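The structure under discussion appears below in the form of structure tokens.
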Amino acid sequence: MLVNGVWKENWQPVQAQDGEGRFLRQSSAFRHWVTPDGAPGPTGRGGFRAEPGRYHLYVAYICPWASRTLMVRELKGLRELIGVTAVNPRLTDQGWRFGGYPGADEDRLNGARYLHELYTRADPSYTGRATVPVLWDNQTGTIVNNESADIVRMLNRAFSGWVDQGPDLYPPDLADAIDALNAELYENLNNGVYQAGFATTQQAYEEAYHKVFTTLDRLEARLADGRTYLFGDRLTETDIRLFVTLVRFDAAYHGLFKCNRNTLKAMPGLHAYLHRILALEGVARTVDLDHIKAGYYSIKALNPGGIVPVGPGDL
Ligand SMILES: N[C@@H](CCC(=O)N[C@@H](CS)C(=O)NCC(=O)O)C(=O)O
């Protein structure tokens, strides 16, 4: 991680822990918003007007949080307006690096070798982890936002003056229900699988494991009435948040994170739902199974030998 703008080489994604060995995720530091007219958003300062070509996403295909933002870029017609650079999926002792792996990009925009260089460019005394996603502003050379939940929400609407952004992923009449289900899914599933994977006590692992499968059972029951998406006919940001965890489940969480009561394939409702979303225009471009496996299984703390399992070959 970076400490006052200087990289400290003790990097492994074993983040903070509480007294009982539970995994704690750091909160994001850059919280400005791109808005149609550059007015400030709910957090941070203003000055980030929506303009084609001005903003760029730095992502990792391994990362569910970054993949949320890639999905929104595809689903909201922003491919031509916002560029993307994908890092090497294998973690290094300096965090995410560019190039050097099939499908990983060099940083053509800023010429950086490691993602942490962009953080110190944005804030020379930054202290914290250098995480993806990063939404970068080419014009002022800084990070607009590094919190995927914010990026998803701002990209849903900010560019409606430039393109037809299609259906609203956060419609006002569902906002409260979306916020509530987002919070439940984050705690029990999106972050729950990480809590299982990075637990350092049996008790912390088992707590997380049960949260994960209780939640998957609840979701399987919710979809049993034949609805297309979590809230019925309308795709919302909650579907995006669920999809990114489901699509990694059998390839990474079932094995590496020991979430192994059953595979996702064994849950017919959720499995069909996964494929329904995967079939939406552009979504398959945001999923790279090879990067997902190579990335997760390169986490040395969990898999010192670095062997990447051969299966599963499909989703
Ligand atoms: N709150 C962030 C979390 C992002 C995050 O944890 N990204 C991970 C990859 S999945 C990362 O970049 N980790 C590098 C590190 O912790 O040093 C978000 O949702 O945007």
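Using the three backbone atoms N, Cα and C, a Cβ is placed for every residue, glycine included.
Counting Cβ atoms from all protein chains shown, Cys63 (active site, nucleophile) has 25 others lying within 10 Å of its own Cβ. Taken from TrEMBL, the feature active site, nucleophile applies to Cys63.
Per TrEMBL, active site, proton donor/acceptor is recorded for Tyr194. For the recorded site, Tyr194 (active site, proton donor/acceptor), the DSSP three-state label reads helix.
According to TrEMBL, the feature glutathione binding site maps to Trp96, Arg129, Ala130, Thr131, Val132, Glu147, Ser148. Other Cβ atoms within 10 Å of the Cβ of Arg129 (glutathione binding site) number 19 in total over all chains.
Residues or ranges marked as domain 'GST C-terminal' in TrEMBL: 168-296. Across the domain 'GST C-terminal' (168-296), the prediction's mean pLDDT works out to 98.
The site 'Lowers pKa of active site Cys' feature in TrEMBL is assigned to Tyr253 (among others). Note on Tyr253 (site 'Lowers pKa of active site Cys'): other Cβ atoms within 10 Å of its Cβ, all shown chains, come to 25.
There are 24 other Cβ atoms within 10 Å of the Cβ belonging to Tyr296 (site 'Lowers pKa of active site Cys'). When secondary structure is read from DSSP and collapsed to three states, Tyr296 (site 'Lowers pKa of active site Cys') falls in the helix class. What TrEMBL records for Tyr296 (among others) is site 'Lowers pKa of active site Cys'.
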Subject >> Alpha-carbon spacing, Val132 (glutathione binding site) to Tyr194 (active site, proton donor/acceptor), which is rounded to whole Å >> reply: 16
Original post:
Should we count any of the recorded positions Cys63, Arg129, Glu147, Ser148, Tyr253 as near ligand 1, judged by a CB under 6 A from one of its atoms, and which?
Top reply: Cys63, Arg129, Glu147, Ser148
Subject >> Tyr194 (active site, proton donor/acceptor): nearby recorded positions from Trp96, Ser148, Tyr253, Tyr296, Cα cut-off 10 Å >> reply: Tyr253
Original post:
Looking at the recorded positions Cys63, Tyr253, Tyr296, which has the shortest Cα distance to Arg129 (glutathione binding site)?
Top reply: Cys63
Subject >> Among Trp96, Arg129, Ala130, Thr131, Val132, Glu147, Ser148, the record's glutathione binders - longest CA distance, Å >> reply: 17
Original post:
Counting other CB atoms within 10 A of each CB, which of the recorded positions Trp96, Tyr194 comes out lowest?
Top reply: Tyr194
